[in-house]
Amino acid sequence: MKNTSSSTTLTMNDTIAAIATPLGKGAISIIKISGHNALNILKQLTQKQDFTPRYAYVCDIFSDGVLLDKALVIYFKAPYSFTGEDVCEIQCHGSPLLAQNILQACLNLGARLAKAGEFSKKAFLNHKMDLSEIEASVQLILCEDESVLNALARQLKGELKIFIEEARNNLLKLLASSEVLIDYSEEDIPSDFLKEVSFNLEKQIASFKDLLDFSNAQKQRNKGHALSIVGKPNAGKSSLLNAMLLEERALVSDIKGTTRDTIEEVIELKGHKVRLIDTAGIRESADEIERLGIEKSLKSLENCDIILGVFDLSKPLEKEDFNLMDTLNRTKKPCIVVLNKNDLAPKLELEILKSYLKIPYSILETNTLNSKACLKDLSQKISEFFPKLDTQNKLLLTSLAQTTALENAITELQNAKSHLDTLELFSYHILSAIENLNLLTRPYETSQMLDSMFSEFCLGK
């Protein structure tokens, strides 16, 4: 049978190296080396023997005696480094070929090519970062939403870890109290014990739910708000899309049915990611391809968050307009009614349109041919439908694993609250909640914490 523990230990003892900067040409590339042999490799690369930790040196870089580059190098002595091991950084000129050659020189001198995320894994296993900080560092790299940056930076600093540890300590105190009362059942349970425990549980559950609700809302925001542009043929849908993109993305033509499929683009409006979906004109059509496009248009309405219903202000309402309004009413989605072509004499019966619509809506008169003015007006209207999230001083769950662990912890605390009259069951659910919280930061043996916690309690407390 394979010894997994031994294999992991051998792998963790390896000295690893990798290029830390993205592929491509730039001002600099960074090669990182981590492990017990990192300093020795750096000495051989530079033909220099003395390095003071945390000092930057400009050194020639050699491979088999051949000069490769003049680079900036820094040595971080264990345990005062990102991984907790000896770490060396080589900041060379930003040629991909040069960086690869220096990396290959590191490998020739005994380093192993690092696996994806292995530097962070070393940091975690060497207790330099916990799971929540690892998650935050990944999401910070991937983040496209400015409003989330502060929450991720605070999580990287360790604020989520502090929040979870405080909650865990509170639950351990409750668990210790209940265990004492179980072991000494002849002692009378204090009359205010159950009331105090119930209050503390409610308070803890509420704080967890607040974190969970904010994280779920932010997750939806990160996906982007889906905005479908619908209307009858030639109402100006594609012109509207082009105006919002400030480019000719969709084909504009006087011929009905030009747009036969949905076109999707992503833009940013007032700090929010918006997925724009231009749809085929909604009408009755005998053309099979156009009909399939119309079906996709209707499907997009089911999955979108906001609808832009485009009407031609220069023409009276027609059957296709009323069919569109029937469709909008069925979706029950918030809608911005865009009255296009306001540069022409208005003929659309606005009061009839207002009375016909039964959904939340706002009205915007515009001219899609004036792209900048149209975009400015639309941005303001669309932003009114965005949910207002207060991101200041908020913590954030950044993965499905974290969300699931907290959801399970909440369920266990609710179960504990419903079993206050049976301390054995109460203790079981509190312990399960603690074990789920462990998954958010760092798993450890709860019994060790309990031993420490129990030592602070006296009989009757």
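One-based numbering along the chain as shown.
Positions of Cβ are set from backbone N, Cα and C atoms, glycine also.
Quick look at what Swiss-Prot lists:
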type: BINDING; residues: LYS32, GLU89, LYS128, LYS461; note: (6S)-5-formyl-5,6,7,8-tetrahydrofolate binding site
type: BINDING; residues: ASN234, SER253, ILE255, THR258; note: K(+) binding site
type: BINDING; residues: 234-239, 253-259, 278-281; note: GTP binding site
type: BINDING; residues: SER238, THR259; note: Mg(2+) binding site
type: DOMAIN; residues: 224-387; note: domain 'TrmE-type G'
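Here the domain 'TrmE-type G' (224-387) returns a mean pLDDT of 75 for the predicted model.
Under DSSP, SER238 (Mg(2+) binding site) is assigned to a helix (H, G or I) in the three-state scheme. Shown are the binding-site residues ASN234, SER238; the one with the most C-beta atoms within 10 angstroms of its own C-beta is SER238.
Most Cβ neighbours within 10 Å among the binding-site residues GLU89, LYS237: this distinction goes to LYS237.
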